[in-house]
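What Swiss-Prot records for this protein:
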REGION    63-110  region 'Disordered'
REGION    118-634  region 'Interaction with mcl1'
REGION    141-241  region 'Disordered'
COMPBIAS  176-188  compositional bias 'Polar residues'
COMPBIAS  220-236  compositional bias 'Acidic residues'
ZN_FING   1256-1285  zinc finger
BINDING   C1256, C1259, C1283, C1285  Zn(2+) 1 binding site
MOTIF     1316-1340  motif 'CysB motif'
BINDING   C1316, C1321, C1335, C1340  Zn(2+) 2 binding site
Amino acid sequence: MRKRNAGIKPSQRFAELRALRQAGKTRASTYESKENEELYDNVSEEEYRKIVRQRLDEDDFVVDDNGAGYVDNGYDEWDQSHYSDEDDENEKGSSGRKRKKSKNVLAEPNQQIGAFFKANAIQPASRIANRKNNEKEDEFMAEILGSIDQDIPERLSTKKGNRSHTTSNAKRRSQKAASSISTTNVVSSDPKKYIPETVPSTPQPASSLPIPSSPPAALETEENVDSQPMELDEPELPVGSDAPIIDVEESIAMKPLMSHDQVDDTASLSKATISQQPLSPMTPLSSELDVSAFSEINSKIKNVDVPASSYSSPISKVSPSDVTEEDGSLFFFWMDYTEMYGSLCLFGKVYDKATKQYVSCFLKVDGIMRSLYFLPRPSSSSVSEDSIAAQTKDVYDEVANLLSKRGVKEWKSRVSKYKYAFELEDVPRTADYLEVIYSYSYPALPTDLTGSSFSHVFGTNTALFEQFVLSRRVMGPCWLKIQQPNFDAVKNASWCRVEIGCSSPQNISVSFEKNEITSKTPPMTVMSLAFRTLINKEQNKQEVVMISARIFENVDIEKGLPANDMPSYSFSLIRPLKQIFPNGFEKLARQHKSSIFCERSEVSLLNNFLNKVRTYDPDVYFGHDFEMCYSVLLSRLKERKIHNWSSIGRLRRSEWPRSFNRSSQQFVEKQIIAGRLMCDLSNDFGRSMIKAQSWSLSEIVLKELDIKRQDINQEKALQSWTDTAHGLLDYLVHCEIDTFFIAAVAFKIQMLQLSKNLTNIAGNSWARTLTGTRAERNEYILLHEFKKNGYIVPDKQQSIRRHAEAFGAEDGLQEESLGKKKDKYKGGLVFEPQKGLYETCILVMDFNSLYPSIIQEYNICFTTVDRSPSNSDSDDQIPDTPSASANQGIFPRLIANLVERRRQIKGLLKDNSATPTQRLQWDIQQQALKLTANSMYGCLGYTKSRFYARPLAVLITYKGREALMNTKELADQMGLQVIYGDTDSVMLNTNVTDKNHALRIGNEFKEKVNERYSKLEIDIDNVYQRMLLHAKKKYAALQLDSQGKPNLDVKGLDMKRREFCTLAKEASKFCLDQILSGELTETVIENIHSYLMDFSEKMRNGKFPANKFIIFNRLGKNPEDYPNGKTMPFVQVALKKKARGENVRVGDVIPFIIAGSDADGHPADRAYSPQEIMNTNSTLVIDYNYYLSHQILPPIERVIAPIEGTNRARLAECLGLDARKYYSHETSESSAFQRYESTLTDDQCFINVSPLLLKCPSCNATSFSLRSVKSLKETLYANTVECDCGYEYSDFTIILQFSSQLRDFINLYYEGILVCDDSSCGNRTRQMSVYGKRCCNKSCRGSVHFEYNDEQLYNQIKFLLKAVQTTTGATRNGIIRCNAINKNISRIMNKNAREFVDMGLIFSS
C-alpha cells in the first residue's frame, strides 16, 4: 500500500525547507488545509438497501476459493478490523501506556445504516508492554527452542526488520485471533518473543493446508519476496479450505509450495550466514500405543477424493423450477421438525432436476389450528332438541367470553359427536362436543379448565407436531406432496438449499405416487464424528482440541451396505494441545492422506468445523457418546461466541434458546440440532440394538466388527504422547479411525433402517425414535388409531417430572433414578424351581407373544372392557372379559394387524428369488413389527403413559397367570414334571435322554395346549440335554441345536453379570462345563479343585493380563447422590473421573480394578480406573486376595452348591485363602446343632478374632502380630518384650496399645454396620429394612447380619484375657505385666453384658 505524497522526492522536500529557512518562515506558518475528496457517497437508507441487494445478485468475486470464506453478504464491513501499519507500530512501541480496546462486536443483520458508523474503533487486544533485557530474552528463547528440539543449533543474532506486508488481510486477522488466546508464562503474548529466528532445515510454506488439485504457482522471482528481513510466522490454515483425499491404492506425493532451493535462493532471512543442520529424528511414541494396529486399518479404508461439489458455496440456493412439478406442486421427503412461534418447521429433502441430486429443504407450515373439545355439563331437565340447543348456546357464550379474555381474536366452532373410552369416569362414551379451533399463535388454555356450562375441555396442550401428523395422517418420515408452495414466503430462515412456505396444512398430503422421485427413500449424507477434549484446569471447563469427521454421501439406507463398500472422505481439525504444535507436525499433516487442518485456537477450529458442516450439509450425525460430546460442543460454541453457531442444525438462529434447568437444557440441545438426525451408539436406542457390558467403543467394535480397537489413556496422551510430531499425528489418526468404526457399527446394525421402520409404524418423529423413546412410539400409534376412529384421545399430563423425562432416559432408568417403586399390580406367575442337576432332556415350552396374544384372545381393549366403579370394588378387582359377541376392539385389531403384516413379510423372506436388498428390507420390517407388537402392552401398565389403564393391565396379567397354571395342570395330567415356570414358559422334565423322543413328547403336549385356545399358541423353544437349576431365573444348561450339537446356555448366573470380572466368568464357565460334562461327581470335584489351585497360582504369579480384572458397575444415579458411596468402588472411581473433568452421567457403566491390600484401606479407596492400572509407569499392584475372595470364590461356590463332595472352606483352601474363616460359616449353614462354647478349644473359639498388634514407637514397625493365645503367652510371659531394633516395650506402652485396639473394636461394634449374606449383592449399610433382616437392595433376596456383632467383640476381649488371666510358666516380669493388663482389660470386659447371665430374669416368669 502506497503512502500519501509518496511521489514527492526527498530532494524536493529539502529544497523547500532551505527556501523557507532563507525566508525566515516555518512549515507550520505556511501550511494550508486542502479540501479532502469525498470518501463516501451520501445516500438514503432505501438507496443503501437497494445497493446491498444489487451486490447479492452479483456473482462471487472469488472463483473456486475452496470454501475459504470469501462470501459477499452485500454489506460493508464497517465494523471489521483490517491490518495496517499502525498495528505493527502499536506492537513495537516502547511506551508503557495501556490502550483501552473495544470488543469486536458483529453487526446485527437488520441494523440501520447509522449503526455502522459508531465511534467504537476496533483495535487489537491489549498486550503486555514490559520488555525483558537481552540476556533474559536470550535465555528465554533458548529454553523455548530447547523444548522443541534439543539438537537445534545455537541462535545467531540477526537484525530485526519490519514485518512483511505481503500477507493478506485474512491471514492478519487469523494471526490476531491466535495472539488473543490466553497463554501461560511459557510463551509471551508478544509474537516477537516466541517466533524462532533460526531457519528450520525443512522450510514450511505459509499455509499448512493440504494442497488442492490445482496448486498456486510457487514463488520464483526476487520481486515476489520482500527484501527486508522478516520474522518467521507460524503457518496458517485458511478457514474452510478443502483438499482432495488420496486414494489408498494410488499414493500421490504431496509437493510443497516452495522447494528447499527456492527458499534458499529467494527468501534469505538475514544478511548473516546461518548454518542449517538437519533436525534430530522425532522421539518414538511410547510402546503403549500400537501405531501399526490402526495404521493398517486406516490404509484399508476406501477413501476417495473430495468431489468438486464440496468446494461450491454451501449457501447457494436452488431455483424453484428445478424442484417443482409441471402442475406447480412439489414432492418433499420430511425427516425432522421443530416448532417456532406457532409454525411447524419441517426439514427434509427434495429432488433437484438440474443437478439430479437430492438437496436439503426447509418447509414452514402456517395455519395449523389448535383443536379444543368442550364437553357440556349434563342437563338435569328432560332431553329435547330445544334443551340441547340451549345448552350448546350456553357453552358457546361462555367459551367466547373465555377466549376473548385471553386475547384470542379469531376462532371457529362447531358441534360434533365424538366417542370417549378412557379413564375419566364422568365422561360419557358418546357425546356432542363444541369443537373450537384457533391459531397456535394464541396462548393455550389451562388443562384443568372447567366452566359453569362445560365439565371438561380436551386438547388444550396438544403439541403442534401432534396436531399436524394426526390431522394429515402422516406416519413417520415419508414423501409429502405440497400444493401451491411459496418460495418467497421464507428467506434465509434455515441452512437448507431450498426454502418453502406453505400457508395451510390442507395443501399437504401424504404422497402415494410411485414415480422416479418418490419410489424410494432419498439418499442421505452421513457425517461420522469423533471428538477429543481436554480440561482447562484454570476454568474447570472442557475444551475441544480435535474433531475428526468422515462423510458418506448418497447413502441408500435401504440397501444396507457395509461401511467398507461405501466411498468416504474425511477431514480432521486440530489446535495446539499446548501453546504451539510440535516442530514438524504441520509438515506431517500436509503429507497425510486425509485432510488435516491445523488451527491456531479453539475459535478457529470451531469456525472451520461449522463451515464444513454448512459445506457438506449432513442429514445424519453418527457418533459414540455423542449426546455428551454434543453438549460440550454447544457449550464451547456459546462460550466462544462463535458466529453462525446454529449451523450445527438446519434452522438459522440469532439467539441462544433459554434453558432453566437440566431437563430443559436437554430439550434445548435437541432443538438446536433440529434438521439433522443424531445416531448415538451409546444412547438408549443404540444400547437396545447392541448386547454389551459397558458399551464402550472398544467393546462395541470388537463385538460387531471383530476388530480390536486400542484404548488409550487420554490423560497420558495429552501429557506426553502429543509432545512430538509423530506422537500427535498418531493421536489424531486414532481419533480419525474412530469415525470409521462408529459408522461401520451403525451401518452394520442397521440403525437408520430399523429406526425409520419403527417410526413409520408408530407415526411419530424419527429423531425421537433415535433417542430410544419406546413409550412415545406406543402412544403415537394409539393416537393415530383412535383419532382415525373418531375418539377423543387423552391429554398429555403436564408436570415437572413428565417434562424432565421428555428427553431423558428410557423407562427402566427413569424408574431407577426416581426411587424404588412399589408394585402396582400382580405380575406374571413364577413357579418355585425344583433345584438340582438334571441328566435327562428338559423341554422349554414357550407361549409366542403371550400378552399380545391374550389381548387378541379375550378382545381386551379400552372400548370393550367395562371399567366403571360399580364393576370394580377395589384396585385388585379383576374386570370381566368382554362377551364373545362384542365387536373387536381397536387395541386387539391393531395388534392383529401388526401380527398379520409380520406373518406376510416372513412369508416373503422364504422366497428364494428375492434379491439381497429386498431380503434385508423385509427382515428390518418384520423386526420393527415384532418390537412394536410386543411392546404395546407396556403402555397399559406404564404410569406415565397417556394410555395408562391399570384395570386392563391387571386383566391381561391375570389371564397370563391363568394360562400358565392351566398348562402346568395339563402337564401333571400327562405325567410330566414341571421343574420351573416363568410368566410365559414352562420347563418339562421328559425323563428321557434321547432328543427325538423328547421332541415327540413336546409335540404331543403342544397339540393339547393349543387346542384350548384360538390365538394363544405354545411351541418348543429349547431342548436341553442337561440342566443345572439354581433358583428363579438362574440356571445353566446344554442346549441342543438342530444338528444335535450342545451349546452352553446360561441365564441369570453371576457369569452373566457385569459386576464380575472376566476371570470370574472364565472360572465359573469351567466349573459349569465340568458339572454338565456327564462325568462322575468325584471326577468333576477333583477336576474343579485342581483347576482352582492352578488358577490361584497363576493369578498370584501375575500370569493374567490386567484387562481380565476389570469390574463393571452401572450408575443408577449421580455418584454424589449415593448415601453409602464411600463404600462403593465404582462410585469412588466415578467421582475421581468427575474431579478430572471427565463426563459422568446417570446410566454410565464404570469400569474399575481393585489394587493394594487390606492394610491400605477399604476396597472403595483402592479402586482405580483400568488406565491407571495398565499404565506402563504405574506402581499399583492388583489386590489378588480381594479378587480370589470376592470375585472368584462367591460365584464358584454358588455354581457348585447343588453338587455334593465339596464345601466353601475347601474351595477357599484351593484358592489359597485362609480356610479357617469359612469353617464357621459352613457349620452355621449346614447344621442346626452346634457344640457348646465351653467345649471348644482356644483355636476353635478364637478362630475369627483379629490379631493384636504391637507397634514399635522407635522404628514405627509392627514388631508383633499376635494371632493366637499361644503367641500372646509366649510374648507377654517373657522377661522383656523387645523390638528387632532393640527397643524394649514398657508395660504401660503395651497396655495402652492393647486398650486402644480394643476401643477400636468397640467403636466398630457400635457403628452397627449391616452386610448382606448374598455375596453377589455385597450391600453394606447402617440402614435397616422395615422387613427386619431382609436386604434393602431391590433385586436382592438375601438376609442382612451385623458385620461385627456382640459375639465377635466378646471373643476379641476374651482372647486377650485368656492369655493374661493365668500366668503359669511366666517370668517374674511377665507375671507383673500380665496382672497389669488383666486389671485394665477386665474393666472393659465388666461393661460387656454378654459376660453375665441374669438368672433371676430367666426364671422370673
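Backbone N, Cα and C atoms are what each Cβ position is placed from, and that goes for glycine too.
Distribution of Swiss-Prot features across the structure.
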residue : record                : Cβ within 10 Å
C1256   : Zn(2+) 1 binding site : 18
C1259   : Zn(2+) 1 binding site : 13
C1283   : Zn(2+) 1 binding site : 18
C1285   : Zn(2+) 1 binding site : 11
C1316   : Zn(2+) 2 binding site : 22
C1335   : Zn(2+) 2 binding site : 21
C1340   : Zn(2+) 2 binding site : 17
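Sitting within 8 Å of the Cβ centre of C1256, C1259, C1283, C1285, and not among those site residues for Zn(2+) 1, are the Cβ atoms of P1257, S1258, N1260, A1261, S1263, D1284, G1286, Y1287. Over the zinc finger (1256-1285) the predicted model carries a mean pLDDT of 85.
Counting residues of the zinc finger (1256-1285) by DSSP class, helix then strand then coil, yields 8 helix, 6 strand, 16 coil. Here the Cα atom of C1283 (Zn(2+) 1 binding site) is found 49 Å from that of C1340 (Zn(2+) 2 binding site). Put simply, C1316 is the one of the binding-site residues C1316, C1335, C1340 whose Cα lies nearest to the Cα of C1259 (Zn(2+) 1 binding site). In the three-state DSSP reading, C1316 (Zn(2+) 2 binding site) counts as strand. Ranking the binding-site residues C1316, C1335, C1340 by Cα distance from C1256 (Zn(2+) 1 binding site) puts C1316 first.
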